[in-house]
Amino acid sequence: MHRFNDRTHHTCSVKCPAKWNASFKSGETYPLIIFSHGLGAFRTLYSAICIELASQGFVVAAVEHRDESASATYYLQDTAVSNAEKQTSGLQQDVWIYYRNLKPGEEEFPLRSKQVHQRAEECIKALNLMLDINDGKKVTNVLSLPFDWSMLKDSIDINQMCMVGHSFGGATAIQSLSKDARFRCGIALDAWMFPLKDEIFSSVHQPLLFINSETFQSVDSILKIKKLDSKVMERKMITIKGSVHQSFPDFTFLTGTFIGKIFKLKGQIDPYTAIGIINKAALAFLQKHLGLQKNFNQWDALVDGQGDYLIPGTNINLPLTQ
């Protein structure tokens, strides 16, 4: 990743450390992660996290949601077009879905609650699709990318599947866990808890790790997170000092210091330090709860909130009665 001088440039030139269509290492099975993006985001905005997880031996499927919470997305729809001989030929056209703003006077919760349910169903659909690929079923790639999906046959360990998401995606991860027990654990990155109804918390039985920024969470949000506390299942929460809500997506790397601070895309902590903590804590948690035979346990202390840039639990002062 290359960066220009912040005094003369406001944005950065970025390269992803990945090779397109590289040969797949066969003969092994790998844990699967379904990743859910945040409000107004899109599937490729979290490459610093998803690429790192993939490089550590995970199959990562990043969903782009069609609930009108993505910045913009589209799907292909078949269209019948008649020719001069009245014969029809099948064509496809792009159907765009744009971000939906609240209407004047509209209450937010009903919309977000509906969206989080759709998002969870889309994550489960993505899970099912990946398992179809794993079973060797033919799956059509509508984007026509030159990738041989058959290479992934028998590559996924169906006992090692996890949900991860940021912001609205964090809430989506929790909702997905409540709907589908095939997800063995979940990681919520600075979760936006607002869309979740309290009634679902009792139906979440998997381990959960919350990795929060120092500036995004509120008392109400943390109290919702605390309702997921369990005496029988591990629920961890850590807070990264000096981080902001945008320390998780790639935006934090795409701007210089000046612009990044103005638009709150960068916090006081170095973005590389922050993303390193996020990835290492996630890997340590995944090793423990997916039963991986790796060396990620070297970062177990991060999951406990131990480190120069970490706070165990939250920095939010909660009411004494809680």
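Glycine too: its Cβ is placed from the backbone N, Cα and C atoms.
Because TrEMBL annotations are produced automatically, they should be read as predictions rather than curated entries.
Listed features, source TrEMBL:
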{"type": "ACT_SITE", "residues": "Ser167", "note": "active site, nucleophile"}
{"type": "ACT_SITE", "residues": "Asp190", "note": "active site, charge relay system"}
{"type": "ACT_SITE", "residues": "His245", "note": "active site, charge relay system"}
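The number of other Cβ atoms within 10 Å of the Cβ belonging to His245 (active site, charge relay system), over all protein chains shown, comes to 23. According to its DSSP assignment, the residue listed as 'active site, nucleophile' is coil. Ranking the active-site residues Ser167, Asp190 by other CB atoms within 10 A of the CB puts Ser167 at the bottom. In the three-state DSSP assignment, the secondary structure recorded for Asp190 (active site, charge relay system) is coil.
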